[in-house]
Amino acid sequence: MSWRPQYRSSKFRNVYGKVANREHCFDGIAITKNVHDNHFCAVNTKFIAIVTESAGGGSFLVIPLEQTGRIEPNYPKVCGHQGNVLDIKWNPFVENVIASCSEDTSVRIWEIADGGLKRNMTEAVLELYGHSRRVGLIEWHPTTNNILFSAGYDYKVLIWNLDIGEPVKMIDCHSDVILCLSFNTDGSLLATSCKDKKLRVIEPRSGKVLQEANCKNHRVNRVVFLGNLKRLLTTGVSRWNTRQIALWDQEDLSMPLIEEEIDGLSGLLFPFYDADTHMLYLAGKGDGNIRYYEVSTEKPYLTYLMEFRSPAPQKGLGVMPKHGLEVSACEVFRFYKLITLKGLIEPISMIVPRRSETYQEDIYPMTPGIEPALTPDEWLSGTNRDPILMSLKEGYKKTSKAIFKAPAREKKSVVVNGFDLLENVPPRTENELLRMFFRQQDEIRRLKGELSQKDIKIRQLQLELKNLRNCPKNNEL
């Protein structure tokens, strides 16, 4: 029998990336220069939001998707935070609602009108205070309306019920800064990566750690659940400081199933997983390339497909939800690439080449839609439910029936698990203490300057009064 090379047939082996024309890009945007490892971009079917460079607080732009081209420098912004904005995420069920978190320790909820902003927005519909240090990550629950997760530099994950505007649970099992949050399909499990070099799978309502991995040879930076495959994929750094990916069984984190080195570059690898096509995309911060693989349940688990190459380095990437894709063009994924050097947001469409222009059912299965499967009370009581699916052939233009109504409240304390989060502040780091010291010094100098100006005015008035008294006309009178 003659030898034949192994060949694996795949409908996605010819997927290619197509960059949008310049007139369909967003130009003239002062993208933030913050070095925090986040995407600084969030996209849905109505708007694109980008964190911008600003002085005296944090701000971000919200631009309607059809308003492409050059953006004016004085375009209205969302600018209510007192510190740099570190993360933004659109509500998956109410497309006019966006959450943001900041160095000012707050999480804020904003409601954007359909036409976009007409003037600067400074008042949020809801301000959430519970963290004692800056908040670096936020994540919406995938199947439940108005449940938001936030991770701060106080090593805590808070679960917010936006129906009442309060934290209802606290996950307090981390011993260092939390780097990444990822949910499984029905939101019953939460995977986290942490600076303490541990990978955890957590039951979010109880805060119980179900699985834990000590990643000594593979320092984990990012983690993502691979849909219903009961697998986790992590990106990180090997002991030789090369970029690496690892595949794990979510029920046994004692050893990774496979480890694969990517290259020797230093930028963080962002993983993106498409559960409908079982495709994994890897994009490096500071690279211009996006690699993509096909994931399977059998060995070799990961099959390399191709690589999209571009000379312009990316700071972050926004991802369009599945129901916002152009199905007539066989588009299976769309990135919005942030190019800081050019002040440009560039859409990149991942396309399956097909000759037919009819709807391709084999590449567009039923996908999670825009209707929530659970209410906050149902999820908090212990109910798990898969997302409500929709067909992109018939239903992808439907609007969601979910609504957001901010609760009216006045809170002076935030009590979770018997602790007031605003009173039990952990010891500050050396950098935070130095920052506070310099801020206080600046305030003292400002007050001294105001006092010296008032002293000068008082002396001038005293001199004028003395001159009036010594005037000869006044003596005659």
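Using the three backbone atoms N, Cα and C, a Cβ is placed for every residue, glycine included.
What TrEMBL lists as domain 'DUF1899' is 5-69. Among the features that TrEMBL reports, repeat 'WD' is placed at 78-120, 128-170, 171-212. Summarising the annotation, TrEMBL assigns coiled coil to 444-471.
Counted with DSSP, the domain 'DUF1899' (5-69) comes out as 3 helix, 24 strand, 38 coil. Residues of the same chain lying 6 or more positions beyond the ends of the repeat 'WD' (78-120) and with a Cβ under 8 Å from any Cβ of it are 32, 34, 36, 38, 40-47, 49, 51, 54, 57-64, 67, 126-140, 142, 145, 148, 150, 152, 160, 162, 321, 370-372, 400, 402-404, 406. The average pLDDT the prediction assigns to the domain 'DUF1899' (5-69) is 88.
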